[in-house]
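Colleague: Below you will find the structure I want to go over with you.
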Amino acid sequence: MITVPHSRKVELDEIDRAILRLLQEDGRMSYSEISRRINVPESTVRARVNRLVKEGVIRKFAALINPFKAGYEIVAFIAVDAEPAKVKQVVEELAKFPEVDVLGIVTGAHDIFMQVTVKDLQELERFILEKMAKIDGIKSTETSILTSVKKWGYARVF
């Protein structure tokens, strides 16, 4: 589980940021290509990437998949209201479901917010009425379905 707001902040210099920007552009870019583009030795790039992984700045290297092209028609955002004493327990249970892409405790009108990706409306219904319904502590949910995508990004490096 990621605990971003309360994690120790890692100091990033311009070389770190340049490496991160290039890896976000193309996660398969070789260290030698990164080295060439930012004009530092390849050994520096390798050491920096290893440090960024070790310190948790780079969580993992993965392909960014377009869910719609991969046969998943529904991306939904679900706000959850939970019993105050059970919020953390509810989050731990929700985190176990493969349908959940992003999950966190939030401020505002709801306690928990998540993004889920499923193949169709029937699978979304099963997720809410069968899987989520079994979790003790959930009081109510509010679901919004993404109808179009204007931007699908990832964490920016300034």
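Residue numbers in this text run from 1 along the chain shown.
Cβ coordinates are placed from backbone N, Cα and C, and glycine is handled just like the others.
Small disclaimer: the values here were computed from a predicted structure and weren't measured.
Reproduced below are the annotations present in Swiss-Prot:
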{"type": "DNA_BIND", "residues": "31-50", "note": "DNA-binding region"}
{"type": "DOMAIN", "residues": "12-73", "note": "domain 'HTH asnC-type'"}
Colleague: Which whole number is the mean pLDDT over the DNA-binding region (31-50)?
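Modeller: Reported value for the DNA-binding region (31-50) is a mean pLDDT of 98.
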Colleague: With DSSP as the reference, give the number of residues of the domain 'HTH asnC-type' (12-73) in helix, strand and coil.
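Modeller: Grouping H, G, I as helix and E, B as strand yields 33 helix, 0 strand, 29 coil.
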